[in-house]
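Copied over from TrEMBL, here are the features:
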REPEAT    145-179  repeat 'PPR'
REPEAT    180-214  repeat 'PPR'
REPEAT    215-249  repeat 'PPR'
REPEAT    250-284  repeat 'PPR'
REPEAT    285-319  repeat 'PPR'
REPEAT    320-354  repeat 'PPR'
REPEAT    355-389  repeat 'PPR'
DOMAIN    448-533  domain 'Smr'
Amino acid sequence: MTDADFADRLGIRAAALTGDIEAVVELLRQRRCTQLFHHALEVLPHHQLPHVVRLLCRREGQTAGDDSWPKPSQAMATTLLHRSVLGRQPLELDSMMQQMLDAGLRPHYRVWLAWAKLHADAGRSLGVRNVMRRVQESTAGGKVAPHYYVQLIRAYCTQGRWQEAELLLEEMRAEGVAPSDHVYRALIWCCGRHHRADRAQQVFDGMVSAGVEPSMITWSALLNAYADSKQPYHAVQVLVHMRKQGLTPSVHVYGALTKAFARTGDWRRAVEALELMESAGVAPNEQVFGSIVEAAAVAGKPSVAAEMLKRMTTAGIPPNVIAYTSLVSSYGASGDVEGAKLVLQQMEAAGCPPNGKTYTELMAQLAAKGQYKECEVYFNRMLAAGCPADRISQAILVDSMLHRWTRDRKGQQHLLGLVQAQWDESAAAGSLLAPHTFLNQPQGRLCLDLHGYSAWTAQLAVLATLGTLLQQHSQQKGLQDCIPRLDVIVGRGNRSERRHRSVLRELVLEQLQHLLPVSFARDNDGLLVLEARHLRRLFDSMLASGQSFSLQDMQHCLVDPSSMGAHM
């Protein structure tokens, strides 16, 4: 690199830091250097990348026969795709890539596949299809390599369209593209992700019938499908079938098997799988030990989980944060909060710092016992450790205060003020706990979606939404003209003890029935309906009496989740 090139790069970096895109554009116009255009794509903020791409591709000021203006290169396209992962919108990315192609970018497998993978990661199946169409247009014979179909399967999987992913096998055969082991493995993985191990097995059997030999990773994917579907004994049958064929299962296969037992909390079978692989001369890895620790955690056996951590250390595998977090969880299942707190000390002594999940597991145990002060201590420790607060940790902190309040409502009135302040502060900062409301078009109905809220924070979200509507009603008396009704989405309750019995429905229903009549949607058992006329009467009454939807005024509406058997 010459001194001039180095100085120009410094100039681009300095202009990027100050946001002076005009200076960057002028420098690129003067120098027309491939390395400078590439450097600009590397360092400029996302919103300025289209300016550089337009300048590069429009070839402004170029005269006939002038080849001095640089053409887009493979390295430039790769850099643009890499930067796009961090925030570019898909249509703008496709537009920039098209400009580079029109300006002379030569199609290359590495660029095409990276482009398709970026769309697949975001679940954009149409984006992957668009790349595949361009590949067909630029490839002799018009055939698309199987790897692109893998990306299409991944996109369908992210969208929850696993049935359509299966149809791609017929499409490939119709296009004259033979499905590879990689394609079948992606389909098996997709079915497993959606808990359809039966379909994963059919895909596997079809693969064998087609004469495609499954790799060890594909066998592992099939076992993982059974693990995700919580069918450990079918996973054992797959292992038996492998051994009958004379195959030696890899450590990844055994890892998938122990994962299957972990999902159901069958720690004894998981330990047996560990002993089986050791007798076969296969050394267990971090995943195998971690799955057994998880199985012990699900079963509420902290002694077994702790023993597995010792065996990991003896085997020369330092326990990672996931294993330690599972150990914390095992103490929670047995009700031993003090034991869970000691695990954090062990982690720090071992040089394995806790992550947000670790702190959240411990905070949940403290909240369940109403130990809100200690819960807040660990919440602050989490923030000090650089772990950002998410919706779950924020909800647990609020839950801990309200759990304590329910034990002594008269003696702990100050906790309502603390919860109100915490909620208001979170709402002002645009927290994830802020009520998720939206207008359902074309009816114009206002919807409050309570998916993802805890039993306590769902009630707070209801009160906060009603408070916002009360404020709007006080400023303009035409609430009924603005929205015909308020729909409260409480979900079907798959996390409840009884499947399809809503966890939140009875809770929120009882809360609202203290205030106004509640209707039910005929076609959706997870939807509560508040008619605008009932809301208007409620708001008029509250304005006349000087009440608000603060926790102090509405404490008689708060329902203790433990009294209803709701488990969040």
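The backbone N, Cα and C atoms fix where each Cβ goes, and this holds for glycine too.
Nobody curates TrEMBL annotations by hand; they come from automatic prediction.
This prediction places the mean pLDDT of the repeat 'PPR' (285-319) at 90. For the repeat 'PPR' (285-319), same-chain residues at least 6 beyond its ends with a Cβ under 8 Å from one of its own Cβ atoms are 251-252, 254-255, 258-259, 261-267, 270-271, 273-274, 277, 326-327, 329-331, 333-334, 336, 339, 350, 352.
Same-chain neighbours of the repeat 'PPR' (355-389): 321, 324-325, 328-329, 331-332, 337, 340-341, 344, 347, 396-397, 399-401, 403-404, 406-407, 415, counting only residues six or more beyond its ends whose CB sits under 8 Å from a CB of the stretch. Secondary structure of the repeat 'PPR' (355-389), assigned with DSSP and counted as helix (H, G, I), strand (E, B) and coil, comes to 26 helix, 0 strand, 9 coil.
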